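Asks: A single structure is presented below for examination.
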Amino acid sequence: MRRQDSGSYGQCCLQDTFKLFHSGSTADHFIVHPSLFLTLCSLLFLSETMEEAANTTEIPPAVPVLLERQVRQRKPAVSVLKSKLKQAVTCSVPRIRSTLSGFFPVMRWLPKYNIKEYVWGDVMSGMIVGIILVPQAIAYCLLAGVEPIYGLYTSFYANIIYFLMGTSRHVSVGIFSLMSLMIGQVVDREVFLAGFDLNEDSAVSNIDVLNDTLGINLTVTKVHTVELMGMQCGKECYAISIAVAVTFLAGVYQVLMAVFRLGFVSVYLSAPMLDGFATGASFTILTVQAKYLLGLKIPRHQGYGTVVVTWVNIFSNIHKTNLCDLITSAICISILVAAKEIQERYKDRLKMPLPTELVVVAGATLASHFGELNSRYGSSVSGHIPTGFMPPQLPGFSLMSRVVLDAIPLAVISFAFTVSLSEMFAKKHGYTVRPNQEMLAIGFCNIIPSFFHSFTTSAALAKTMVKDSTGCKTQVSSLISALVVLLVLLFFAPFFQALQKCVLACIIIVSLRGALRKFRDVPAKWRASRNDAIVWLVAMSATALISVELGLLVGIIFSMICFIFRTQNPKVSLLGRVDDTDFYEDLEEYKNLVPPSRVQIFRFQAPLYYANKESFLKSLYKAVGVEPFLELTKRKKAEKKAKDASVKQAKANGEKNNGDVVVRLVQRELEFHTIVLDCSAIPFIDSAGLAAFLELVKEYKGIGVSVLLACCNTSLIDTLQKGKFFGKNDEDMGSLLFHTVHAAVVHANRAAAATDSRSDDSEV
């Protein structure tokens with residue numbers, strides 16, 4: 001009505017102006033300004049047209065136009081391959097420099113090293129980490145089943161290689177408790193299969209040291225040896241040969257993963273699974289080291305159920321506890337735990353971590369040496385640790401066939417921990433790392449040291465946090481840590497000969513406090529996400545109760561099963577409209593939503609693929625309350641029944657009736673005429689999902705219900721186009737696909753209204 005008033009007012013004004021131009025006083029004005037006269041005539045005609053349009057029925061809104069996709073011309077695969085090959089084989093000085101600096105990132109940042117700003121933090125953090133690293137390197141050799149000197153070798157070479165090749169500024173790479181445990185299980189298994197006695201202590205090695213020192217020839221019973229690479233190899237030699245073979249293979253796997261860009265494998269190691277795996281492995285480490293706290297001579301169990309069997313053996317031999325080792329363990333654990341608690345409580349005031357491990361090792365070594373705890377009380381000690389370096393030696397290639405599968409979990413776990421720590425601290429300090437280069441770096445941290453009697457390495461969280469808290473700026477700190485280890489290798493290693501193994505076990509066990517505290521977080525995990533909590537519990541239990549390798553496999557498989565289960569049973573919902581807006585949301589989750597009249601809007605929040613196709617169909621049928629096949633069956637039964645009744649009635653009345661007139665009478669009126677599928681939460685579909693869409697459209701069309709799609713992403717649209725979902729040459733795309741839910745609802749109502757009007761006209 002307001003539009004009509006304004007139109008009439010405008011027309012009156014234009015007519016008055018037009019009359020003025022036709023009066024005698026304005027004839028000259030008309031001759032001078034003909035364009036103005038023509039413009040006014042046009043406006044007068046337009047105003048009359050607008051008035052007529054306003055008096056008629058309102059024009060329906062235009063159908064929303066589909067967005068036009070950009071045409072992408074892909075180059076032929078042959079030309080792309082040729083260009084890449086040409087680029088790969090092109091050789092120039094800048095390219096060589098770029099390749100070398102990419103392979104050795106130290107060439108990029110070391111020339112820009114700011115001595116005044118960085119050197120103090122790097123030197124301090126490097127020295128502190130080196131001091132912590134020495135006792136841990138010796139202690140973790142108990143886990144790895146090798147002599148202490150090899151832990152020092154491993155820490156020295158790994159720090160230097162990562163300094164040259166790593167992209168993280170803060171990660172500390174070296175000996176790691178979890179890697180040592182996994183190496184130790186392989187070493188003990190192969191040593192046992194080779195016929196060596198796992199109960200042997202260091203008596204033989206002490207005899208050898210005495211022979212070398214005094215120049216005499218003391219004989220003992222014949223020692224079992226095996227032939228390896230043309231020479232006779234004893235237990236110690238065979239153990240490090242196995243560790244080196246596993247390490248070499250793990251490094252080769254990591255380098256191959258980097259070359260073929262297979263870093264995505266770590267994606268399947270979810271955070272809850274890794275946490276559970278690390279906690280279960282920590283419990284296994286605690287169990288393996290418990291015998292050293294009590295001074296029991298119990299061989300490591302071979303096979304599954306290490307934790308259970310070891311604790312059974314410990315309690316069955318508890319009467320053989322060495323009181324000297326027990327007292328020493330109690331004192332060392334008390335000092336280490338107290339120091340850790342003080343450090344955590346006053347970490348803001350302490351400028352650097354307390355070197356508690358080194359103090360405990362030094363004090364325990366002096367007490368054991370001057371108290372003669374080994375000879376008097378039978379306490380197990382580390383034994384002779386030689387100075388200097390052993391000549392390089394090729395890994396035992398003949399052993400690799402025995403450990404080719406054992407190296408796979410080592411390679412994956414080592415890479416996963418290194419990359420995750422690198423990215424975590426890079427994000428914290430505002431720089432970037434290259435995961436592929438990290439894989440290369442950790443791979444060569446295993447390959448090269450394997451020629452120098454070292455075993456598998458990885459980034460360690462505890463030492464990395466120490467580096468970060470003590471002002472580390474670059475990997476120069478790793479070089480300083482390597483120099484600290486070098487000093488021990490060259491001068492101070494023999495002083496650790498009298499160090500008790502129970503002291504080393506105390507250092508290992510206290511270092512597990514962080515991982516074992518994860519048990520306190522289980523209730524919070526359960527409240528936050530039951531799925532993640534279950535994955536954590538399964539991975540932890542399988543690792544602790546079965547074995548470390550199988551625990552990792554079980555954790556990966558179970559986490560993937562949980563993901564598949566979630567995609568098979570995703571959240572589905574019917575949507576309603578928010579007031580008079582174009583916004584639609586879940587009717588169950590929000591209040592005051594109005595479902596559209598005779599239109600059902602269904603949302604499926606998961607990818608649609610072969611595994612959840614049936615779940616998608618069933619959930620849709622249940623949500624809308626109509627299953628096409630059952631509805632069609634009901635209609636056919638009702639039609640047949642009506643036909644039979646009509647024929648009987650006709651026979652009774654003596655009339656002829658074929659029953660066709662009753663077909664329309666049995667068509668049940670549904671509560672809706674259209675289903676709109678909100679595809680905004682469907683990232684992709686496969687051929688099974690496409691078949692499900694086609695099946696829906698066909699089946700619901702049979703009962704007079706239309707199926708429309710809304711909010712599809714481009715990949716989903718491409719899949720539908722390739723499957724001819726929109727007909728030949730996509731002729732039906734405009735009537736089946738809409739960019740918003742509201743556009744689909746408007747189109748559905750308009751189409752239903754047009755259909756009803758046609759049916760009314762036909763009836764008339």
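Numbers run from 1 along the shown chain.
Any Cβ shown, glycine's included, is placed from N, Cα and C.
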Asks: Using TrEMBL as the reference, determine which range in 118-140, 670-692 is annotated transmembrane segment.
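Replies: Going through 118-140, 670-692 one by one, TrEMBL gives transmembrane segment for 118-140.
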Asks: Transmembrane segment per TrEMBL sits at which of 474-492, 493-511?
Replies: 474-492
Asks: For the feature transmembrane segment as recorded in TrEMBL, pick the matching range from 265-286, 441-462.
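Replies: TrEMBL lists transmembrane segment for residues 441-462.
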Asks: Looking only at residues six or more beyond either end of the transmembrane segment (237-256), which have a C-beta under 8 A from one in the stretch?
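Replies: Residues packing against the transmembrane segment (237-256) from afar: 144-147, 150, 183, 186-187, 190-191, 194, 196, 226, 228, 262, 395-397, 399-400, 402-404, 406-408, 410-411, 414-415, 439-440, 442-450, 453-456.
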Asks: Please work out whether the transmembrane segment (403-421) lies in contact with the transmembrane segment (474-492), by counting C-beta pairs under 8 angstroms that are 6 or more apart in sequence and asking whether there are at least 3.
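Replies: Checked: the transmembrane segment (403-421) vs the transmembrane segment (474-492), no contact.
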Asks: Could you tell me the mean pLDDT the prediction assigns to the domain 'STAS' (589-748)?
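Replies: Here the predicted model's pLDDT, averaged over the domain 'STAS' (589-748), is 86.
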Asks: Contact between the transmembrane segment (474-492) and the transmembrane segment (118-140) is defined here as three or more C-beta pairs under 8 Å separated by at least 6 residues; is that satisfied?
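Replies: Counting Cβ pairs under 8 Å, at least 3, so yes.
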Asks: Residues sitting near the transmembrane segment (441-462): Cβ under 8 Å, six or more positions beyond its termini, same chain?
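Replies: Cβ under 8 Å, 6 or more out: 144, 146, 150, 153-154, 157-158, 161-162, 165-167, 171-180, 182-183, 240, 243-248, 250-255, 257-258, 389-390, 392-395, 410, 413-415, 417-418, 421-422, 511, 514.
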